[in-house]
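Copied over from TrEMBL:
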ACT_SITE  B:Cys122  active site, nucleophile
BINDING   B:Ser18, B:Lys42, B:Ser43, B:Asn119, B:Lys157, B:Gly209, B:Gly235, B:Gly236, B:Gly257, B:Thr258  FMN binding site
BINDING   B:Lys42, B:Asn68, B:Ala69, B:Val70, B:Gly71, B:Leu72, B:Asn119, B:Asn184, B:Thr185  substrate binding site
DOMAIN    B:2-275  domain 'Dihydroorotate dehydrogenase catalytic'
Amino acid sequence: MRPITLEVTDRVKEGDGIATLRFDRSFDVSPGEFGMFWVHGVDEIPMSFAYDDGVTVRGVGEATDAMLSLSEGDTFGVRGPFGTPFDVPDDDVVIVGGGTGMAPVALLTEAASANGADVTTLIGAGTADELVFEERLSRVADVRVATEDGTAGYEGLVTGLLDDVTDEKGAPSNVGSCGPEPMMSAVLDRFDDRPGDVQLCLERYMKCGVGICGSCCIDDTGSPVCSDGPVYRGDELTNGEFGVYHRDGAARKKYF
Amino acid sequence: MSVEVSGIGFDDPVLLASGILGSTGASLNRALRSGAGGVVTKSIGPRERTGHPGPNVFVDDSEEYALNAVGLSNPSDAFTDEVEKVEGPTVVSVFGGTADEFADVAGTFAPYADAFELNVSCPHAEGYGVDIGADAELTRDVTAAVDEAVDAPVWVKMTPDVTDVTEIGVAAQEGGADAVVATNTLSAMAIDVESGRPILGNAHGGMSGSALKPVAVRCVYDLYDALDIPIVGVGGVSSAEDALEYMLAGARAVEVGTAVWDGVEVLGEIADGIETYKKDNDLSHDELVGRAHELTPKEDGDGGEG
């Protein structure tokens, strides 16, 4: 598809260097699906939908900084939604999110709740100012937060909080996660006896978004994250690059 | 089912085209597992490049074509770690700005390549690609430099953006090419009407997909008349029927690119369809290749050079 032009209808500051842009068109989006967002004159980058009509942007580079500088009435383009989304559970699920991974975590939390699932969502951040969607998700799920500096909730990594929640509630039937890959890898490690029950949403460098160019293919399956993923089950990610490295725009390996 | 092109054997005549899913050893192996008889790597150059700003690729809503301006992104020598993992016939695509650069890159990959494909036809990277392949003399020089530097067969990928593709094909053959590949993408542009901007970050790009096929089939047909070396057809192959069109025009094998967006399994499906056609029509591969020429009415003084 060609890019569609969107107009910013609202801009909400979510935290330090993080904002949500709502736009003038609603998409049929499933949790984990992404768009290729085109900041005119700058670049095109993959970002997960955080709402059916919105994205949550964290400034991590030229294109995301340019996205953050947009205000109401400004326009940008999008291709999508693309990708293979989460299977939405209907029994019980613990969802672990952090950083830019909170967009799919939010949609998954809401979709699982709407499906009748008992949902516990854990939000991790470095500090309280970086926590996003705590209030939004508390309406539909048991939300717990962890901050590395202890400024809110559990003090430490969100995986420590996950251990506490598992002790308290017992092992969940389903696990979902999106966020920094070392975090997701640590989540998967805790369920290494049943990795197929763990769904993980990956971030990779992408150019085409539709499974042609190969920029996002992961080792050692060669699977293109943009079309087979971004959501994989843990048993599809063993013996490969998951949690170890990713590739940049020149296909050079970058270790986490 | 196996075919031979320039002395290299392939399990089937359907190869993964350059620049498609070809950035890593694992992704190339995935194409082989999906039925490709061989794979062509992403084009590798003398220096690492991240390519153009996006948008880099889009498939038109009609699904008849895609435009891309990836910009020859590649990890250069670091790709040796990837290509050594490939478990099947491997054609390493190389590019450079000069004949020496082509020869240097090919030399680096000589231990891993069953054949080389020279990208003298990328339409969207200044100083590379079509800047060489639209010029017969430069094409001859680059081909000769690589031919001298490596023992493996050298394939030269043609641009369709020339008045007479056979002039470039003949130059490649004179330079020592063992095959030509026709064709690369066609120089193209698309503009986003709502924003008024060219869609591709590089503005100019290359068109691939079904819309390219009649142009590239014509190139293959003309090259078959003009050359003694084998031809590999590429451009808009998404079905066995498309592949057969190229073979009837004169291609011994085809490469498949854009069509993998529907799933890489298409590679094996095309190979199976070619085999079925040959059986149903009781044709050997050699009888199939170029058969359309025998069935073409010739006007006096035309087309007799084959």
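From the backbone N, Cα and C atoms, a Cβ is placed for every residue, glycine too.
Sequence features annotated in TrEMBL and their locations in the structure.
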residue	record	Cβ contacts under 8 Å, 6 or more apart
B:Ser18	FMN binding site	B:Val40, B:Thr41, B:Lys42, B:Ser43, B:Val91, B:Ser93, B:Glu117, B:Asn119, B:Lys157, B:Glu255, B:Gly257
B:Ala69	substrate binding site	B:His52, B:Asn56, B:Val57, B:His124, B:Leu200, B:Gly201, B:Asn202, B:Ala203, B:His204, B:Gly205, B:Gly206
B:Gly71	substrate binding site	B:Arg49, B:Thr50, B:Gly51, B:His52, B:Asn56, B:His124, B:Ala125, B:Asn202
B:Thr185	substrate binding site	B:Asn68, B:Ser121, B:Cys122, B:Pro123, B:Gly205, B:Gly206, B:Met207, B:Ser208, B:Leu212, B:Gly235
Review point. Can you list which of the binding-site residues B:Lys42, B:Gly71, B:Asn119 come closer than 8 Å to chain A, going by CB to CB distance?
Key: B:Lys42
Point to revise | DSSP-derived structure type at B:Lys157 (FMN binding site), helix or strand or else coil | key: strand
Exercise for review: Please find which two of B:Ser18, B:Lys42, B:Ser43, B:Asn119, B:Lys157, B:Gly209, B:Gly235, B:Gly236, B:Gly257, B:Thr258 have the most distant C-alpha atoms, given that the record lists them as binding FMN, and give only that distance in angstrom, rounded to a whole number.
Suggested key: 19
Point to revise | Sparsest-packed of the listed binding-site residues (B:Gly235, B:Gly257) - C-beta count within 10 angstroms | key: B:Gly257
Review point. Taking the domain 'Dihydroorotate dehydrogenase catalytic' (B:2-275) alone, what is its mean pLDDT?
Key: 96
Check your understanding: For B:Asn119 (substrate binding site), what is the tally of other C-beta atoms lying within 10 angstroms of its C-beta?
Key -> 30
Practice item. Around the Cβ of the residue listed as 'active site, nucleophile', how many other Cβ atoms lie within 10 Å? Please give the count over every shown protein chain. Key: 28
Practice item. Compute the mean position of the Cβ atoms of B:Lys42, B:Asn68, B:Ala69, B:Val70, B:Gly71, B:Leu72, B:Asn119, B:Asn184, B:Thr185, which form the recorded substrate site, and then list in sequence order the other residues of that chain whose Cβ is within 8 Å of it. Key: B:Gly19, B:Ser43, B:Cys122, B:Pro123, B:His124, B:Ala125, B:Gly129, B:Gly206
